[in-house]
Amino acid sequence: MQTIICVEQLSKTFNQHQALHAVDLNIHHGEMVALLGPSGSGKSTLLRHLSGLITGDKSAGSHIELLGRTVQREGRLARDIRKSRANTGYIFQQFNLVNRLSVLENVLIGALGSTPFWRTCFSWFTREQKQRALQALTRVGMAHFAYQRVSTLSGGQQQRVAIARALMQQAKVILADEPIASLDPESARIVMDTLRDINQNDGITVVVTLHQVDYALRYCERIVALRQGHVFYDGSSQQFDNERFDHLYRSINRVEENAKAA
């Protein structure tokens, strides 16, 4: 299988706290992978490194590649990082949309990387680009909201607009950081259904960080679980059993309880 994301010996230290410890990870074309773990495990930190939003420690041998391009090496971003980012759609927990713009205009933002600069200054998008944006909204069930201001939408609807923007970008990889953390169960289901649909029908590789184990088991064939910055488990979701769940979550809770008692 073609390797889409390659992480080698990635470490990250914030002040004196080491968030990631020499992480190695390979993700293949067409996979939908859940990064799982309790708060502070390093899963969101790892995801941000994949698109170069943050850089790792300057440790020898550390390296991240995405779609065959270097994203960062030994704590330094690649000079052509924009080319890697152009192929990566990033979906944030807090939606990261422009509230004053319409739904359609927010989706068209996904085309900025492939639009001449002078046109972007005036928001001049072609008819073909607008048609593609409407098609992306249709894919996520949001076309009938196209001309509505995005600030009027619910959280789940805004998250689907963010996914449509990634489709407009023609991203080959989607990195979703806690996309359902603030959503009600029905909205969370719709968002995860949408991510699975584009993964299965468009062949887009999806990496999603989750707190909810049940969603990871239901939607992702592979789970990468992090515990205190280390890869604790990397394998089939079917083999992520109660014993592993207990060791991943409840042992962390016991450590926190002991710290409070002390």
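The backbone N, Cα and C atoms fix where each Cβ goes, glycine too.
These come from Swiss-Prot:
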type    : residues                                               : note
DOMAIN  : 5-253                                                  : domain 'ABC transporter'
BINDING : Gly37, Pro38, Ser39, Gly40, Ser41, Gly42, Lys43, Ser44 : ATP binding site
(request) Among the binding-site residues Ser39, Ser41, Ser44, point out the residue whose Cβ has the most other Cβ atoms within 10 Å, with all shown protein chains included in the count. (result) Ser41
(request) Mind giving me a neighbour count for Gly40 (ATP binding site)? Other Cβ atoms within 10 Å of its Cβ, every protein chain shown. (result) 16
(message) Tell me the coarse DSSP state (helix, strand, coil) of Ser39 (ATP binding site).
(response) coil
(request) Around the Cβ of Gly37 (ATP binding site), how many other Cβ atoms lie within 10 Å? Please give the count over every shown protein chain. (result) 28
